[in-house]
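Colleague: Dumping what TrEMBL says about this protein:
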type	residues	note
ACT_SITE	ASP126	active site
ACT_SITE	ASP152	active site
TRANSMEM	73-93	transmembrane segment
TRANSMEM	100-119	transmembrane segment
TRANSMEM	139-165	transmembrane segment
Amino acid sequence: MRSAAPASAHRRWPLWFPLLLAALLIVADQLLKSWALNNLVYQAPPVPVIPLLLDWVLTFNTGAAWSMFSNSALPLAALRLLVGLGLLGYLVLRPQARHLSTVLTMIAAGAIGNAIDGLTKGQVTDMIHMPLLSSVTNALGVGDFPIFNLADVYVVLGTLTLLLLSLREDRRAQQAAPAEPHGPA
């Protein structure tokens, strides 16, 4: 026998899912940062993992990408924590479709992961370097592509996916809208 719940309810995660996913993502971010702190040397040459694509390089950031807001670790950490907890609170109080819930959880986990660093260390630990991206950004005249961490990946991928979902939704809304009449009736 089928449930009487609306079809849209079947496409939502249980209320606890965003919290569990966020916890797992944050733990993965913190474990990678801990590994970097214990195995990489600050200001040492890059350790190649996949030539031209991925190096390990230990660095610290008191601001945001491309040194924006340098020496603002605590205010940025507070803002990141508020954003992350706010998104998770929103998802618990107002459950969303699975895809939207997942990308918002990724953004929240990334914000909280970097907030933890800012609040506990006064800086964010970064270790992922992509030489090919640096070649592109250098060719564009904006300098090396920033060294980043797993939390940054969550935020960027979540934000890009959110943008794509929004564009897809806009396209669907336009296709579903009745055609406008051409001229007066």
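Along the chain as shown, the residues are counted starting at 1.
Cβ coordinates are placed from backbone N, Cα and C, and glycine is handled just like the others.
Burial and contacts for the listed features, if you can.
Modeller: Reduced to three states, the DSSP call for ASP126 (active site) is strand.
In the three-state DSSP assignment, the secondary structure recorded for ASP152 (active site) is helix.
Under 8 Å from some Cβ of the transmembrane segment (73-93) lie the Cβ atoms of residues 15, 18-19, 22, 62-64, 101, 104-105, 107-112, 114-119, 122-124, all in the same chain and six or more residues away from its ends.
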Colleague: Tell me the Cβ neighbour count for ASP152 (active site), meaning other Cβ atoms within 10 Å of its Cβ, over all protein chains shown.
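Modeller: For ASP152 (active site), the count of other Cβ atoms within 10 Å is 21.
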